[in-house]
Structure formats: structure tokens, C-alpha cells
Amino acid sequence: MDLSLRVALCLSMLALCLAIQKEKQVRWCVKSNSELKKCKDLVDTCKNKEIKLSCVEKSNTDECFTAIQEDHADAICVDGGDVYKGSLQPYNLKPIMAENYGSHTETDTCYYAVAVVKKSSKFTFDELKDKKSCHTGIGKTAGWNIIIGLLLEKKLLKWAGPDSETLEKAVSKFFKASCVPGAKEPKLCQLCAGIKEHKCSRSNNEPYYNYAGAFKCLQDDQGDVAFVKQSTVPEEFHKDYELLCPDNTRKSIKEYKNCNLAKVPAHAVLTRVRDDKSKDIIEFLQEAQKTQECKLFSSPYGKDLIFKDSAVSLIPLPSSMDSFLFLGADYSNAIQALKEGVKEDDSAAQVKVRWCTQSKAEKTKCDDWTTISGGAIECTEASTAEECIVQILKGDADAVTLDGGYMYTAGLCGLVPVMGEYYDQDDLTPCQRSSSQAKGVYYAVAIVKKGTQVSWSNLRGVKTCHTAVGRTAGWNIPVGLITSETGNCDFASYVGESCAPGSDVKSNLCALCIGDPEKLSESAKKCSPSASEAYYGYSGAFRCLVEKGQVGFAKHTTVFENTDGKNPAGWAKDLKSEDFELLCPDGSRAPVTDYKKCNLAEVPAHAVVTLPDKREQVAKIVVNQQSLYGRKGFQKDIFQMFQSTGGKDLLFKDSTQCLLEIPSKTTMQEFLGDKYHTAVTSLNKCSTSKSGLLAACTFHSC
């Protein structure tokens with residue numbers, strides 16, 4: 001072979017290798033021959049120039065999870081119960097898209113779990129014991145988790161927990177006979193119709209599997225009740241069937257909104273967290289939905305194959321979404337209860353609050369508090385306010401003090417306010433009462449150096465300093481006002497360079513940020529909404545103004561707390577409060593002492609937040625701790641809750657005079673006030689302002 005031919009051959013092989021490397025694929029896991037047939041149809045009809053679809057067949061969902069985890073497959077669409085199971089070890093899968101059952105303009109990513117019975121039967125919900133039951137599958141949402149959880153909650157089903165017997169054994173004693181595909185207890189497989197090894201398998205190889213299968217079990221007179229979704233019963237059969245309501249009434253199939261077991265999250269597409277394939281899967285499915293020949297949501301070989309037939313589209317989930325946030329705290333905790341048993345109320349024994357800290361300095365202060373509190377306070381670690389919110393949602397922490405902007409997010413994620421900070425040292429009367437209607441407030445202000453030419457009316461192109469994206473005084477108020485006045489959602493293009501911790505580190509909103517000057521190697525922490533960014537928070541925004549910016553957005557006390565010798569840090573020790581002024585919304589300026597007349601807004605105080613069922617416990621303990629370590633506490637010489645060493649505003653704002661208990665049942669919106677709540681809601685319509693956690697918590701409302 002001559003040299004030129006060898007070179008040509010090598011180049012051809014190299015080109016082939018590069019082509020193979022560039023070819024992207026999505027390997028879909030299917031669980032039956034009927035799903036495999038549909039998948040092969042999709043391979044032929046859902047062509048994509050850059051991404052190839054292929055099919056991987058396994059016997060059941062668990063095998064698919066293993067295949068995805070071991071990189072033999074990439075994706076599967078499952079119900080909420082399996083979203084939860086797939087997120088656990090050893091699978092570590094995450095949801096990336098949700099089925100939409102509404103329309104392309106009005107999405108609905110939830111469905112209803114219902115109990116379907118024949119009209120000819122006469123029993124009520126409370127008379128389910130000793131009836132024959134048809135279920136979609138073990139661990140599935142509508143067919144198992146919701147109904148079994150409800151039976152336990154209503155104390156119709158007796159189960160002392162896994163230490164006494166398995167949940168399956170307890171359920172097998174409750175129903176006369178059942179078909180629960182995937183169950184191990186023989187009596188729960190008694191009604192199933194699969195042949196040989198396929199009997200009671202958790203796949204379409206079992207005729208009574210899934211929604212259509214559970215309904216067929218009822219149709220075939222094998223069962224007395226089928227636990228399915230609201231759209232399972234075909235319209236032509238509505239005249240013969242009705243819904244069993246938890247209040248012991250019955251209603252027509254069409255009245256599912258008033259007669260259901262629960263409204264639950266949609267089915268979701270799962271993939272690996274490791275070597276993330278999300279982008280390819282989402283891109284393929286989005287393109288597939290645009291192709292008329294590609295029938296993702298029809299099942300010519302059965303029912304609900306690969307996706308539910310009632311789905312109209314697939315919607316990408318926010319990047320911050322995990323299985324817990326997708327399912328919601330109530331449903332996630334309900335599934336956990338099915339594993340551990342319903343615990344007796346132990347609120348009397350709960351004598352501690354786990355406080356979430358957001359920096360090393362906060363953790364140090366919290367550890368000191370723990371030591372002297374006699375175990376009433378424990379500490380958890382996080383690096384941002386949003387991480388603390390998630391910890392509380394997941395039950396890993398109990399409380400944290402938040403700024404109004406983060407409180408807005410926390411409220412939409414399901415947390416409630418417990419204790420509000422109070423700042424007015426000229427009127428301490430509310431602090432001396434056991435109950436008070438007073439509310440703490442502070443002022444959002446725009447701070448500038450005296451002698452500069454900046455005014456509120458000429459902020460275009462100005463270098464700005466913010467406490468963090470999503471915080472009240474440093475972002476929501478000033479950016480909301482500017483956005484409202486200019487009609488421009490693109491705040492980054494309006495101002496010059498900024499430091500707005502929490503922004504995209506590559507954007508000009510992070511251009512002024514410096515990270516932690518003492519840890520230069522941690523460049524990844526630059527612009528982090530945490531103490532890892534030197535320009536984070538009130539004092540951080542003021543430092544940014546001093547060193548780099550032209551205007552700083554903070555609270556009315558920020559200048560006083562960092563000047564005239566109040567802050568010994570090198571950047572602040574020589575600063576004089578008289579060298580700074582406030583920008584007024586009317587275009588004028590005022591001394592920093594005139595904050596009540598020259599401010600951007602009066603805003604709600606920071607507050608302690610927790611889960612609704614922890615509210616009384618947290619309030620009781622914090623009130624007690626304040627009586628000991630507050631400004632007038634009996635043991636304030638040992639520890640002071642509202643004083644910070646090694647930092648500013650640690651755990652609570654240093655300007656806090658006391659914490660006022662917020663009346664029980666007060667919602668987050670009521671505490672923040674309609675005006676502020678509406679302002680933040682409007683600001684969040686600008687996509688650049690909406691945090692990942694907020695997007696996840698508001699994705700759907702089941």
C-alpha cells in the first residue's frame with residue numbers, strides 16, 4: 001500500500017471516529033414488548049439530525065433504574081412514587097421534564113388520584129375493609145402511596161410500623177384479595193392475571209398493571225374498587241362507574257375535582273445525575289413534539305405506553321428541581337411515612353430547634369449559642385439562604401432568619417413566619433409586651449459618596465452594588481423600581497458594572513464582585529450569594545460602594561454600622577458617615593440621617609421561618625431563648641443573640657432590639673404585606689430575577 005493511500009485511509013478512519021464521537025444518542029428504557037414496539041415506531045418517526053433515539057428493554061421499572069444508573073440506558077418516564085424511589089441510593093436519578101395534562105397555553109402538571117367503583121355496588125370509603133382491590137402497582141402514586149397513606153391517616157388500616165410487620169402484610173390483611181403488580185405478598189397478587197413468571201409483574205406483561213390494567217381488573221369483576229387517575233375510565237363507561245369519596249359519599253366520574261384521594265404531581269422523565277444527559281434528552285423530546293409524525297402520547301399497542309396518553313406535552317423542569325421539590329414536601333413525607341410507619345405525635349418531646357447557618361462565622365456564633373442553651377439550640381450548615389430553605393423543607397433543619405426577598409420564596413415553598421425582628425430603639429414598648437401587634441420595619445436606601453454626580457434619575461451606566469439577587473433592600477426594591485420606571489426587564493443592560501451576588505458569574509452583574517480576598521484560590525465563590533463573596537449582604541454592598549461602585553443599595557442603618565469607628569475592618573475603620581448621602585426617588589439627595597424622608601421603600605422586617613407543623617415548637621423555644629439572651633435577657637452577659645463578632649448581622653440583624661412573635665396562622669403574604677408581595681411578584685416576571693428555588697417551588701401546585 002503506497003503512502004498516499006495509507007494517509008487517505010488514516011484520514012478516513014479519523015473522520016469516522018470524530019463522527020462517531022459527535023453522534024449523540026438517547027437510550028430509552030422500556031418495560032414490555034408493547035412499549036418496545038412503540039419505542040421502535042418513535043425511532044422511525046421522531047428523527048433528529050443530531051440525536052439518535054434507541055430502545056433498551058428491561059422487565060420492570062427497577063431494572064430500568066439500574067440500567068440508567070449503570071449507563072446502559074439514559075431515560076424513562078415514571079409516576080411520582082417512582083420519581084421518589086429513583087432518587088434514592090443506589091440509583092441517584094433526577095427528574096428533568098414533566099408531563100403536561102392541560103394545554104399548550106395553560107399547563108397542568110398534576111393529576112387526581114381516585115377510587116373507582118361500580119354503580120351497582122353500595123359500600124362507602126370507610127367500608128373498604130375486606131373488599132377486593134385493584135392497584136396500578138406497588139409504590140405507584142395513585143394505585144398505592146396515596147390510598148394506603150389515606151387509609152393509615154384515617155386509621156382504617158392498622159400498621160404499627162416495619163418493626164412489627166411489612167406494610168404489604170398489613171395491607172393484605174385489610175383487603176380480601178388484591179392485584180398489586182410488583183408486590184411480594186402472595187395475597188396482594190391473588191387477583192392478577194399474568195401468565196407464569198409475568199403474573200403480578202410490575203410491567204405491561206401483567207394485564208392488570210398500571211391505570212388501564214387496574215380498571216380492567218375492576219371491569220372483569222375481579223375487584224370491587226380500582227385505585228387509578230381521574231382520566232382512566234373511558235367516557236363510554238361513565239354511566240356504569242362512579243367515584244368513592246373519602247367523606248363516604250359517591251360522585252360521578254366527571255366530579256373528580258370534588259371527589260378524589262389527592263391531587264398529585266405529574267409523571268416525569270428521569271435520568272442520571274452523574275454524566276448529565278439532561279440537555280440531549282430535553283433537546284430530543286422538544287424537537288420530537290414539533291414533528292407531526294412523532295406520536296409520543298398515543299399507544300397503538302396498549303394504554304399509557306412510555307408516556308401517559310392524556311399528556312399533551314413535556315415541559316422542562318427548572319435546573320434547581322430535584323425529586324423532593326418536584327413531589328413537594330407533603331407527598332415526599334407521605335411516602336417516607338409508608339416506609340417508617342405513622343409516628344405518634346412526639347411534639348412534647350421536641351425541645352430543640354435546629355438553626356440553619358449560612359457561613360462559618362454564623363456557625364461559630366451558633367455553636368456558642370448551642371453550648372450555653374442546654375441543648376435547646378442545635379446548628380446545621382449551609383452556604384446560602386436558599387440552601388437553608390431547602391434544609392427546612394426536607395426536615396434537616398427547623399429555622400432560619402430571612403430577609404423579605406428570601407421570605408417571599410420561602411412562603412411559596414411552604415414555610416411560615418414565626419418571629420419578626422424589631423428595630424426601633426426609640427420605642428421599645430412592643431419588646432416589653434408578651435404579645436404585640438407592632439411589626440418591625442426598615443428602610444431600603446440608595447447610598448452614594450458625597451460629591452459625586454449620581455442621582456436617581458441618571459442611573460443608566462452607573463456601577464451598582466447590591467446585597468444579593470432576591471434580597472429586599474439590595475435588589476427587589478431598587479431593581480423593581482427601576483424596572484417599573486424604565487419598562488425594561490434587562491437590568492444588566494441598563495446599569496454599568498455591578499456586584500449582585502447570585503447572578504451569572506460571567507455577566508456584568510458580577511463584574512465588580514471579588515469573592516473572598518483572603519482565599520484567592522476559591523475563584524468559584526466569586527459572586528456567590530453567601531459570605532464567600534466579600535461584597536455580599538448589607539456591609540458587603542457598602543464595601544463594594546467604598547472600593548468600586550457608585551451607588552450601593554442597602555438598609556438605612558448600613559452606613560452607621562460601618563463608619564465612625566463602628567467597623568474595625570481595614571476597609572471601614574477610617575470611614576466617616578458624613579462622607580455619604582442618600583439618593584431620593586425625586587432626584588434629590590439627603591443626609592444619611594434623613595432616611596425616613598429619603599428612601600426607596602419602607603419594607604418588612606427580617607423574620608424567623610419554619611414549617612407550619614413546627615411553628616409552635618420554634619416560637620416557644622425562641623421566646624425562651626430571648627428571655628435569657630436578648631438585649632434585656634437574664635443571662636445576656638454570657639451570650640447575646642443580637643450581637644455579632646467576626647462578622648455582621650450573624651443569625652439576626654445586629655440592629656434587632658427584640659423578636660416579636662407573629663400571630664399564629666399568619667401567612668407569608670400577610671406578613672410581607674400585599675404591596676411588597678405584589679412588587680416582588682411583578683419583578684419575578686422578569687426571568688432574570690427569578691431564583692432557581694423559586695422556579696422549582698412554583699412550577700406546579702398539587
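Each Cβ is built from the backbone N, Cα and C atoms, and glycine gets one as well.
The range from 340-349, 480-489, 670-679, 680-689 that Swiss-Prot describes as region 'Connecting region' is residues 340-349.
Among the candidates His135, His238, His267, the residue that Swiss-Prot annotates alongside Asp79, Tyr111, Tyr211 as binding Fe(3+) 1 is His267. Together with Asp403, Tyr538, His606, the Fe(3+) 2 site in Swiss-Prot holds one more listed residue from Tyr442, Tyr443, Tyr629, which is Tyr442. Considering only the recorded positions Ala142, Cys544, Cys686, the Cβ with the fewest other Cβ atoms within 10 Å is that of Cys686. Taking the Cα atom of each, Cys179 (disulfide bond) and Gly143 (hydrogencarbonate 1 binding site) are about 10 angstrom apart.
All protein chains considered, the CB of His606 (Fe(3+) 2 binding site) has 27 other CB atoms within 10 Å. Taking a C-beta cut-off of under 8 Å and a sequence gap of six or more, Cys527 (disulfide bond) has these contacts in its own chain: Cys499, Ala500, Pro501, Gly502, Ser503, Val505, Leu509, Cys510, Cys513, Gly515, Glu533.
With the fewest other C-beta atoms within 10 Å around its C-beta, Cys489 stands out among the disulfide-bonded residues Cys179, Cys356, Cys489, Cys499.
There are 23 other Cβ atoms within 10 Å of the Cβ belonging to Cys259 (disulfide bond).
Rounded to the nearest whole angstrom, the C-alpha distance between Cys245 (disulfide bond) and Tyr442 (Fe(3+) 2 binding site) is 50.
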